Amino acid sequence: MSTPIIVMGAGGRMGSTICRLVQEEPQLCLAAVLERPDRASGVARDGCIAGSDPDVVFPQVPGGVIIDFTAPEASMATARAAARHGNAVVIGTTGFNEEQKAELAELARQIRLFWAPNMSVGVNVLLKVLPELVRLLGEKYDLEMVELHHNRKKDSPSGTALRLAECLAEARDWNLPDVACYHREGIIGERPQKEIGVQTIRGGDVVGVHTVYCLGPGERIEVTHQAHSRETFAQGALRAAAWLATQKPGKLYNMADIF
């Protein structure tokens, strides 16, 4: 039996990509699409429910898995509505503050809830191998990162960059807020050894590029992940949705739980 999928923001770039790919997966079916009231009629598709109110649509798809790549406040509203109606949720939105992350963790005790700032296979493999690389190199190597995205991205640094920076900090038993440097200007003196630089570039239509630099005496290692298409993230979300449908509530799941 196929898993019914509910797509939030179905008229957006990610939402429309997800809708298209769901229809190509035999184990999934597109059950409902949601958009803002002024755009809801434009996302209607044959054989699935279209609307704008989660409290109206979600109860019509019992057992449905919601996929949301919208914006922090909208995704929080989605998660709360899912908790009211018992639906599972896959969230790929970035830019959550600490209070919102804590609320997601609390909601995950009631419903099946999955959140990952980046759902590409490559990035999540990178998160697995980076700690070992950092440990092997030792603390004489400075750690820096540059992330590049399209000019319409609203949050900075990207959620992926922050997760990669957390990964680097954890490998050295550092607390990221204590060592992160997001801006350098003027006479700032020598670079502290206990620091992780995270720099941001915005422009054009770049889907996403993240480069981690390990800079040591006489050499450097650069590790780069480039996303060439939003399908990378959409495919990861579909994989997460199919997996989440078989899980139970109790924790805030992420890509590490799948790999």
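Using the three backbone atoms N, Cα and C, a Cβ is placed for every residue, glycine included.
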Item to check | Candidate from GLU35, GLU73, GLU139, GLU144 that Swiss-Prot assigns to the same NAD(+) site as GLY9, ALA10, GLY11, GLY12, ARG13, MET14, GLY92, THR93, THR94, ALA116, PRO117, ASN118, MET119 | outcome: GLU35
Checklist entry - Given GLY159 ((S)-2,3,4,5-tetrahydrodipicolinate binding site) and GLY9 (NAD(+) binding site), what distance in Å do their CA atoms have, once rounded to a whole number? => result 19
Checklist entry - Whose Cβ, among the active-site residues HIS149, LYS153, has more other Cβ atoms within 10 Å than any of the rest? => result HIS149
Checklist entry - What is the Cβ neighbour count of GLU35 (NAD(+) binding site) at a 10 Å cut-off, with all protein chains included? => result 22
Next on the checklist: With Cβ-Cβ distance below 8 Å and at least 6 positions apart along the chain, what are the contacts of THR93 (NAD(+) binding site)? List them in sequence order.
Outcome noted: ASP68, PHE69, THR70, ALA71, PRO72, ALA74, SER75, TRP115
Next on the checklist: Between the Cα atoms of ASN118 (NAD(+) binding site) and ARG36 (NADP(+) binding site), what distance do you get, rounded to the nearest Å?
Outcome noted: 25
